Amino acid sequence: MTIAVGKFTKDENDLFDIMDDWLRRDRFVFVGWSGLLLFPCAYFAVGGWFTGTTFVTSWYTHGLASSYLEGCNFLTAAVSTPANSLAHSLLLLWGPEAQGDFTRWCQLGGLWTFVALHGAFGLIGFMLRQFELARSVQLRPYNAIAFSGPIAVFVSVFLIYPLGQSGWFFAPSFGVAAIFRFILFFQGFHNWTLNPFHMMGVAGVLGAALLCAIHGATVENTLFEDGDGANTFRAFNPTQAEETYSMVTANRFWSQIFGVAFSNKRWLHFFMLFVPVTGLWMSALGVVGLALNLRAYDFVSQEIRAAEDPEFETFYTKNILLNEGIRAWMAAQDQPHENLIFPEEVLPRGNAL
């Protein structure tokens, strides 16, 4: 019996090998298998957004002007969510709502579902791109893992939250002022700023900004392998083997400032990864809770005392009154399909009034 030792080689490359060779070859812009998902989805999402903000009105869904064609600017234009009556319909162009009529599809808000779904899969494609490239050059996949934070936030805010509510109508529209309106809505109807998951998200994002600033400044402060270039960006040879800054000096400096300091580069950089990604994930979990109408902290004893005693008021009770005002003033204009009318006497007023 003969035993052949070695690698099995095929006489001919099959279709998979041909595609793999073309997709993953070295070129200026890497394509890869992930590019089959990333590039079409990103193209359609961005293209749909530009089309909507340029030409498409929100008159039929929100009673608003939302395009450059109607006189909006970059801050006020948006691709608006479908009407509440359409609930969670995917609003496919060939579906029963639009029936292949592109104009009707745009009027119904079909561009929003188009942008949201292609955007979500585009972000997932970008994360897979980082996985694929990391594997190709034999790096660990922490970049892709970190990018799961923005994906979690996007999916929770634009997809999971409206799925928990009555329809896509209550998701954010894709525009600057539209996002601001959504933030006010979250505060008024969910008291979002008093939600512990929002607090963790703020701590993560702002803490990461602080860490980034401190880290960048510290490295700049402790450079020692300086060259003779005209400025910092030309002074270093990118292929030099040795490091260009002193971790020991940085450790000594922050030990004197705070009494404690990072002494290990791996722990330092993992912490800089952990803080923002955890913050984003906590925010995403909080929004999933809001989709189910879970409440934030309620300090009922303060509300009861404020209702009984006109002279007792806290920042919490003032915020509760502000939230009531947001709901009363916002609901009527934000949900015109409900035909809400609030008499002047039921609109909330603070104790000072």
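Cβ atoms here come from the backbone N, Cα and C positions, even for glycine.
Features reported for this protein in Swiss-Prot:
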- H118: chlorophyll a ChlzD2 binding site (BINDING)
- H215, F262: plastoquinone binding site (BINDING)
- T2: N-acetylthreonine (MOD_RES)
- T2: phosphothreonine (MOD_RES)
- 41-61: transmembrane segment (TRANSMEM)
- 125-141: transmembrane segment (TRANSMEM)
- 153-166: transmembrane segment (TRANSMEM)
- 208-228: transmembrane segment (TRANSMEM)
- 279-295: transmembrane segment (TRANSMEM)
Cβ packing number for F262 (plastoquinone binding site), 10 Å threshold: 18
Cβ atoms near H215 (plastoquinone binding site) (within 10 Å, other residues, all chains): 16
For H118 (chlorophyll a ChlzD2 binding site), nearby residues of its own chain (Cβ under 8 Å, 6 or more apart in sequence): C41, A42, F44, A45, G48
Dominant neighbour of the transmembrane segment (153-166) in 41-61, 125-141, 208-228, 279-295, by Cβ pairs under 8 Å: 279-295
Mapped DSSP class for H215 (plastoquinone binding site), helix or strand or coil: helix
Cβ contacts under 8 Å made by the transmembrane segment (125-141) with residues that lie 6+ beyond its boundaries: 24, 30, 32-35, 37-39, 41-42, 147-148, 151
In three-state DSSP terms, the structure that the residue listed as 'chlorophyll a ChlzD2 binding site' belongs to: helix
